[in-house]
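All remarks here apply to the structure that follows.
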């Protein structure tokens, strides 16, 4: 994979960067990128998100762990007993050295019919977060994409598609977002994806033609070789934005959903 990755953020309140450790365990043939761990530190905690099934875990340094005596620990336990349950849980996690946060959107990219929507929904259920399909959001706002293409052309479609994606990325964290196959063609979208964990789903043309509903994909029905040509053009851009790659033709959706969810929980941040 190629492309610039952003460095982990400096120590401070974990309000934006989920920065959990990467344990990239994709399917056979998957490609993954490792990054250095960001700086961490014991910091005051913001209020927890209602969505506590986090996409990441941020390690915090223990202060005074070696010299902590039984009196100070007892005082902390006593304070925990008087605190609300959610606050007690945060304090316990902090003393153990980890705090769960959900401050980024897990994004799926890849070619047409690779399984972004179906797998994205399963991963969202595994993580306990909402799922959003950017194409579905576009259709609700502007009507069928094929009709929009025919009436307004691809440049206008890409412009509005980029606006939809930017709005979803800015609207809130702790969700799974699947993008259309051509979304990476827009430079502004690629720049935004540099701030979020991105999963690239890959498959083969043979698998697509065998499993895809061609009645809903007239491009594939009319020109089966179009899939391979389009992928060849877009593959460098997919590689540029992706943090990990999974082959959807080499495992069941249930297996892949568990693997991707596990990777998302251990994601430690962008380069």
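The backbone N, Cα and C atoms fix where each Cβ goes, and this holds for glycine too.
These figures come from a predicted structure and were not determined experimentally.
Over all protein chains present, the Cβ of residue 115 (ATP binding site) has 24 other Cβ atoms lying within 10 Å. Taken from TrEMBL, the feature ATP binding site applies to 113, 114, 115, 116, 117, 118, 217.
If you look up TrEMBL, you'll see 117 marked as Mg(2+) binding site. Here residue 117 (ATP binding site) comes close to 133, 178: these same-chain residues lie at least six apart in sequence, with C-beta atoms under 8 angstroms from its C-beta.
For 135, 158, 181, 234, the entry in TrEMBL reads substrate binding site. Shown in sequence order, 182, 185, 186 are the residues of the chain, 6+ apart in sequence, with a C-beta less than 8 angstroms from the C-beta of residue 158 (substrate binding site). Under the DSSP three-state reduction, residue 158 (substrate binding site) is assigned to helix.
Per TrEMBL, compositional bias 'Low complexity' is recorded for 70-86.
If you look up TrEMBL, you'll see 87-98 marked as compositional bias 'Basic residues'.
Annotation comment: TrEMBL describes 1-50 (among others) as region 'Disordered'.
What TrEMBL records for 63-98 (among others) is region 'Disordered'.
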Cα separation, residue 181 (substrate binding site) to residue 113 (ATP binding site) (Å, whole number): 9
Additional residues around ATP, ordered along the sequence, whose Cβ is within 8 Å of the centroid of 113, 114, 115, 116, 117, 118, 217: 110, 112, 119, 201, 212, 248
Rounded inter-Cα distance in Å - residue 234 (substrate binding site), residue 114 (ATP binding site): 14
